[in-house]
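Dumping the structure here so I can ask a few things about it.
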Amino acid sequence: MTSPLLISLASCLVAVNQASLIGRCDLAKVLHQEDLDGFEGYSLTDWLCLAFVESDFNITKVNENTDGSFDYGIFQINSHYWCNDYQSRTENNCQVDCQELLSPNLLAIINCAKKIVSGAGGMKNWVKWRLHCAGRPLSYWMTGCHLA
């Protein structure tokens with residue numbers, strides 16, 4: 001579902017010095033627009049906390065792991081299991097090129113994250129979410145954000 005909000009958000013990100021950071025409330029709006037609030041039992045605050053602890057809201061973050069795989073994008077999705085980086089062995093369960101997970105419109109990474117969360121373990125698949133977000137009060141992540 002491509003929306004005018006996603007298109008305008010992508011335009012803003014590209015226009016500001018090729019910025020790769022997205023604001024917390026802007027991300028909340030996109031996630032809400034893409035129906036992630038309540039998806040598989042996780043709230044927008046879970047998704048915001050995940051994005052912060054994994055990437056500090058950096059859409060284009062890439063991190064190399066000790067096993068030679070890479071983590072991509074705002075949710076740091078791993079190339080060994082979820083996307084094809086053409087560098088390391090991959091299962092490519094999301095059937096997507098890893099570079100697409102760095103796109104400012106966020107659709108590819110949101111769709112892949114939904115697939116991950118829909119499977120066994122849900123958000124527990126992200127170690128940093130388990131350590132820093134799970135079971136904690138997270139309502140402050142939405143402070144000052146207006147979704148309408």
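Any Cβ shown, glycine's included, is placed from N, Cα and C.
So Swiss-Prot says this about it:
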type: ACT_SITE; residues: E54; note: active site
type: ACT_SITE; residues: D71; note: active site
type: DISULFID; residues: C25-C145; note: disulfide bond
type: DISULFID; residues: C49-C133; note: disulfide bond
type: DISULFID; residues: C83-C98; note: disulfide bond
type: DISULFID; residues: C94-C112; note: disulfide bond
type: DOMAIN; residues: 20-148; note: domain 'C-type lysozyme'
type: SIGNAL; residues: 1-19; note: signal peptide
Other than its own, how many Cβ atoms are within 10 Å of the Cβ belonging to C25 (disulfide bond)?
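By my count, 16.
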Could you check which of the disulfide-bonded residues C25, C49, C133 is the closest Cα neighbour of C83 (disulfide bond)?
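Closest by Cα distance to C83 (disulfide bond) among the disulfide-bonded residues C25, C49, C133: C49.
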Can you tell which of the recorded positions C25, E54, D71 lies nearest to C112 (disulfide bond) in space, using Cα positions?
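Smallest Cα separation from C112 (disulfide bond) among C25, E54, D71: D71.
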Could you check what DSSP calls C83 (disulfide bond) once collapsed to helix, strand or coil?
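Coil, per DSSP.
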Tell me, by DSSP, whether C112 (disulfide bond) is helix, strand or coil?
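In the DSSP reduction, C112 (disulfide bond) maps to helix.
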What's the CA-CA gap between C133 (disulfide bond) and C145 (disulfide bond) in angstrom, rounded?
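With the alpha carbons as reference points, the distance is 19 Å.
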